[in-house]
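Trainee: Encoded as structure tokens, here's the structure I'll be asking about.
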Amino acid sequence: MAAERTGSRDSIMEMDARNNNEKAAAYDPNSDFEAATIVPDPSERGTTSGKDSPTASDEPVQDPNIVDFDGPEDMANPMNWPMKKRWQNIAVISVLTIITPLGSSMFAPGIPRILAEFNEKSTITATFILSVYILGFAFGPLLVAPLSEIYGRSVMYNTGNCLFLIFTICTALSNGIPMMMAFRFLMGVAGSVPITLGSGSISDMMPVEFRGRAMAAWAIGPLLGPCIGPVAGGYLIRAAGWRWVYWLIAIVTGIITVFTFFTLRESYAPVILERRAARLRKETGNPLLRSKLADNTTTPIEKLKTALIRPMYFLFCVPIVTLLALYVAVTYGVLYLLFTTFSLVFGQSMLGSGYGFGEGEIGLVFIPSAIGMALGIVVFGAMSDKLVTQKISSGEKHRPEIRLTPLLTIPAGVTLPVGLFLYGWTTHFGVHWIVPMIGVVIFCFGLMGIMMACQNYLLDVYPKNAASVTAALAVLRSLAGALVPLGAIDMYIALGLGWGNSLLGFISLGLIPIPLLFFLFGERIRGVKKVPTATEA
């Protein structure tokens with residue numbers, strides 16, 4: 001009997017070896033199969049039936065045509081990339097987010113010269129020339145975010161760069177204010193790509209304990225770009241004219257476009273797996289191979305429809321996103337209100353006492369904004385990640401609400417009205433320019449804290465839909481940035497710089513409880529609404 005069992009076992013081993021040899025001969029050794037997990041067909045396993053069969057299993061049989069990452073250490077998975085490669089990708093994205101916001105405010109010191117060249121005297125036109133660009137930031141994300149979740153991040157970055165370059169050149173060649181406004185709007189639409197997708201790319205690559213620092217590096221662009229642009233723009237406009245602002249941006253964009261094409265890597269896992277599945281289908285001739293993350297239950301049209309609806313769904317139907325987006329929008333709108341009136345407040349102006357600054361000096365007025373934001377990035381970025389790391393190292397499960405801890409959000413919220421009160425009343429009474437600039441530093445420091453706390457929190461809550469959530473934030477934030485400044489001059493004329501900025505400060509003060517509300521009850525509230533699927537949309 002023992003000899004029979006031994007012979008039977010040897011026969012089974014020989015059959016298994018023969019099956020393995022046949023499989024090895026059937027597949028091309030140079031194919032990409034070693035980089036994908038494809039479960040073999042159960043019929044190819046040398047199994048026997050029966051309760052006592054040594055190969056019998058109660059585990060569910062997986063579909064042999066599913067293409068997945070090759071285990072938890074597959075280097076094709078962005079979460080497994082070397083940290084150096086991740087930071088290189090984030091560095092490239094951060095550079096893009098600095099370049100595109102430059103177009104929003106770099107020419108701000110030259111607005112009086114532009115109005116004179118085209119014989120325009122309307123104060124609304126003076127502010128809308130600047131804010132129409134931000135209006136493009138509002139509409140661009142509605143298209144950019146859903147397309148990135150279908151076609152991937154890298155193709156959107158590269159397409160956005162090319163379009164931004166074309167529209168910048170067209171703006172430089174403008175022969176009237178309507179033409180300039182039209183192409184500045186299109187510049188904003190194309191320039192919204194890195195601002196919309198940056199947080200999604202970070203979510204693709206970075207574990208939760210590193211996201212705060214990564215978000216801080218990425219946030220430098222959309223916030224510091226509008227601050228540092230006018231510094232160089234003021235002197236450039238005085239020396240060579242306002243058109244050279246756009247020629248300079250076009251030259252830099254052209255260089256960055258070529259660099260990005262060769263350096264930026266795709267980080268969206270569903271697109272990476274879909275490309276792998278397509279390559280394997282071509283190599284093997286098996287049309288049934290498909291990505292594990294692919295949604296095969298809906299048509300491409302339904303997927304696109306759902307993707308287009310999702311940002312608006314988040315903005316209007318998910319209370320967490322709605323209220324935090326409102327808070328961010330108010331702070332962003334006030335920031336651009338200050339930007340659009342700096343040239344009027346510190347130049348030869350009807351607002352306040354007037355400081356008599358020229359075009360070059362007005363550009364320098366934006367430096368305190370950059371200082372305040374840089375301080376906010378360093379302080380709040382480091383503290384946010386430190387809190388998360390402490391929780392994880394103590395064995396606790398990570399709760400996104402830690403990003404909204406009162407230790408961060410209350411001081412940041414309080415500094416907003418403090419900065420506005422100081423800026424408003426010192427400019428009202430013509431106090432030395434250094435004092436209102438200190439108020440701007442304080443305001444921008446708090447703004448950075450609020451922006452980072454809200455974005456990091458929503459990124460942790462909705463990591464799979466990071467691009468759509470960021471688009472929802474960008475829509476309301478950019479609408480506020482574009483529309484709030486339109487009434488700035490009339491408000492300051494009616495109320496004065498002191499009470500006008502105090503009004504904005506009181507509004508900021510009233511919004512402080514919003515992050516506290518979600519810190520206490522966010523876990524309960526965020527379970528109320530679910531993200532819609534294609535079939536539900």
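Just so you know, glycine gets a Cβ as well, placed from its N, Cα and C.
So TrEMBL lists the following for this protein:
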REGION    1-64  region 'Disordered'
COMPBIAS  1-21  compositional bias 'Basic and acidic residues'
COMPBIAS  45-56  compositional bias 'Polar residues'
DOMAIN    89-525  domain 'Major facilitator superfamily (MFS) profile'
TRANSMEM  90-111  transmembrane segment
TRANSMEM  123-144  transmembrane segment
TRANSMEM  156-177  transmembrane segment
TRANSMEM  215-238  transmembrane segment
TRANSMEM  244-264  transmembrane segment
TRANSMEM  313-342  transmembrane segment
TRANSMEM  362-383  transmembrane segment
TRANSMEM  404-425  transmembrane segment
TRANSMEM  431-454  transmembrane segment
TRANSMEM  466-493  transmembrane segment
TRANSMEM  499-521  transmembrane segment
Trainee: Within the domain 'Major facilitator superfamily (MFS) profile' (89-525) only, compute the mean pLDDT.
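Mentor: It averages 84.
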Trainee: I'd like to know if the transmembrane segment (90-111) touches the transmembrane segment (431-454) in this structure, counting it as a touch only when three or more C-beta pairs sit under 8 Å and are separated by 6 or more positions.
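Mentor: They do not touch: fewer than three Cβ pairs between the two stretches lie under 8 Å.
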Trainee: May I ask for the residues of the chain that lie six or more residues beyond the transmembrane segment (404-425) and have a Cβ under 8 Å from a Cβ within it?
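Mentor: Counting only partners 6 or more residues beyond its ends, the transmembrane segment (404-425) has Cβ contacts under 8 Å with 331, 334, 338, 372, 376, 380, 383-384, 387, 435-436, 438-450, 453-454, 457, 497-502, 504-506, 508-509, 511-512, 515-516, 518-519, 522.
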Trainee: Report yes or no: does the transmembrane segment (244-264) come within contact of the transmembrane segment (156-177), defined as 3 or more CB pairs under 8 Å with a sequence separation of 6 or more?
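Mentor: Per Cβ check, the transmembrane segment (244-264) touches the transmembrane segment (156-177).
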Trainee: Top stretch among 123-144, 313-342, 466-493, 499-521 for CB pairs under 8 A with the transmembrane segment (156-177)?
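Mentor: Most Cβ pairs under 8 Å with the transmembrane segment (156-177) come from 123-144.
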Trainee: For the transmembrane segment (499-521), which partner among 123-144, 215-238, 313-342, 466-493 gives the most CB pairs under 8 Å?
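Mentor: Ranked by Cβ pairs under 8 Å, first place goes to 313-342.
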Trainee: Can the transmembrane segment (123-144) be said to touch the transmembrane segment (215-238) if we require at least 3 CB pairs below 8 Å and skip pairs under 6 apart in sequence?
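Mentor: Contact absent: fewer than 3 Cβ pairs fall under 8 Å.
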Trainee: State, in range form, which of 90-111, 215-238, 466-493 has the highest count of Cβ pairs under 8 Å to the transmembrane segment (313-342).
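Mentor: By the under-8 Å Cβ criterion, the transmembrane segment (313-342) pairs most with 466-493.
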